[in-house]
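**Student:** Sharing the features that TrEMBL gives for it:
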type     : residues  : note
DOMAIN   : B:141-204 : domain 'CBS'
DOMAIN   : B:205-261 : domain 'CBS'
TRANSMEM : B:287-308 : transmembrane segment
TRANSMEM : B:314-340 : transmembrane segment
TRANSMEM : B:361-384 : transmembrane segment
TRANSMEM : B:390-414 : transmembrane segment
TRANSMEM : B:435-452 : transmembrane segment
């Protein structure tokens, strides 16, 4: 549906044609009537030549408007084809937080030269924001918010709002500060509209304002916005001075990004947003990880190699290697996923983690037992080898129990020692579980060798 | 951080104490000063006895306010302890979309009896919304929006806004309809505030309003809201009549939910939000899936069993079963993840899918070759068996190529025939790839048997 909708809404061929004929008036009329998201889509799909014509036809402000909501693959390239003065004007027309996001993708020298050409005020605000880490509240916030003093009347606040509105990122929350610029409260535009004109802001504002610290991690910030259903969230320093605000559109992107990150890591892919890459760059991205797994896999091979005598005597043992290793991998990945996602959505709190690991192991034991009974029956029926069936079934039970425990404990321990638990990817856990389950299986088989022959 | 923040913000012990002493005035003062999210947190943590005291102390409206933003485990239980008249009053005080979400979780008979006791207007609106599928635009929308006629002046619209504001879900977008209630445009409160009082709405409104159809899937709706950075999105029927709106807070939940769904399926877990479950219910949820995989795994065992002669002659072959099967599983899961996520975020369009599958296979071939060379060298050095090393390396290359192709093609085909591609989970693909890779490996080994001995 979404795709159809986009196709209906803009006529790429017409724009291409107007661009080719340098028909400025017509191009501007058609292009500027589009939603900025569609303008961005058209721009993204254009090559360098088309883009340089677009710069001639549109003002820096007009380009800034759609670039703010567009994610480009390569910003370096963008600023190489764009005139430097044009570029710096364009950046100063953007919301500061978006300008900072773009600048953060450029080399240091380029940033400095662009800031030099920018107007003083914007350059100052942007420089201040550039200091914050990208994935913290400071990196997400903008300084373009509306704030009023708690001592103003509703009427005075309304006048200030109308004045500040053109440059504000949102006008739907008005933040209230005291005389030392400390966050004192918040009032929604909705409440401001229905309030009496001559009441004081401090009497109508909501004093229980939710805020985050400038150094807070973006994942925690996203949780606050989601849980409290906020459209904008104020950011303060350690002395509660109001520094900026974070708006919900940026939070939607953070949630998307964090979920994709967890997902990619579960699959052992470094960068999920890469469907446009070539074969070679895809292969190059995945190779380090796959090569590491190959070397880890040699560990499993070495263990099995050391049981060569056992294997030579009962070759049928080999037939059940994939099922035991695979089931340990599957149930370990299930535990891993539940724990990693639980940690990153904040569902799992401090004390319950150890209990969760035990629950996972318990569930591994129960499901392992059931699958083992199933397997025991099948092997007895098909191969008529009850001792072999018993060894396979027993190994499966232990392997699945250990695998679920490992799948849960590894991310919990990583989280405890401040490593992102999502780094413990599915393939990593599966390979670890391969090694453990083969030790169990062949250890048991070797011990009960005499009964097998 | 988020956890700390919540702890700072409300004093559970104090509330418990006030509740125990039936101190209505004090409890109301402390409780109602909390943010509704915290009120919900406190309510969720309370047992049935405490809850029944809470109902005595708070009005249905006050309970409705926090229940709207709270996700409970069990709504059935909630309505069993709550007086039926109180419950129906509470539901009619909620936003219609949230009331519908809650009712949808109850048995049919219970819904009917609650609707009967509700006030007529709310019951009518809620009944109409109950007809829509939960995961469509219709299921997400609410009818509490502000709409004005295109023929009104800005001043008239402002008056209408003030009148409708108390019951509206958002007042920041005002939707404009023509005389047949068809969606004609939109104007933001921001633009309305800065517009001249006596201009006509049709002259100041934005005619290029983005809307979705009532039957559209919630995943597509979420993409539109995210891409266009909207705070609210109008929902229309096939004749473009305005039916309701969807607000961004509901979209944040949808994005969260859909990402969790893809993630759980990749790991082969049916329900990721289950960290509170007991061992038994966790095991029961996962067992069907694990049992199915066990039976599929017997397929691999049967194939290996049929190569028993080969295995008996060269037992060392068995040592490389886990590494070949595992690497095929790993690279297949990578392809699966890229394609599934690409489809569900809308990044992959119609034509490029086949090319994407080829790219995945190409990347499988390249990475397979590199890992195979690595493995070849290791095996030659460690075991001094160049023929075995050659067979293992060659099998690995083919297995990884086929696995990536399968990992990409399975979800693409499922999407084509309208099955949710995420159903093709990681464990499923891994097991398929186990079978394929074992056929390749032992097929090759059997063919080159004479060189191995």
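Count begins at 1; order follows the chain as displayed.
Note that Cβ sites are derived from N, Cα and C of the backbone, with glycine treated the same way.
TrEMBL does not curate its annotations; it predicts them automatically.
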**Student:** Report the DSSP secondary-structure composition of the domain 'CBS' (B:205-261) as helix, strand and coil residue counts.
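**Tutor:** Final tally across the stretch: 25 helix, 16 strand, 16 coil.
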**Student:** For the transmembrane segment (B:287-308), which stretch among B:314-340, B:361-384, B:390-414, B:435-452 has the most Cβ pairs under 8 A?
**Tutor:** B:435-452
**Student:** Are there residues at least 6 beyond the ends of the transmembrane segment (B:435-452) whose Cβ is under 8 Å from a Cβ of it, and what are they?
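**Tutor:** Non-local partners: 296, 299-300, 303-304, 307, 310, 313-314, 317, 320-321, 324-325, 328, 387-388, 391-392, 394-395, 398-399, 402-403, 406.
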**Student:** For the domain 'CBS' (B:205-261), what's the model's average pLDDT?
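**Tutor:** Across the residues of the domain 'CBS' (B:205-261) the model's pLDDT averages 88 on the 0 to 100 scale.
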**Student:** From the DSSP assignment alone, can you count helix, strand and coil residues within the domain 'CBS' (B:141-204)?
**Tutor:** 24 helix, 18 strand, 22 coil
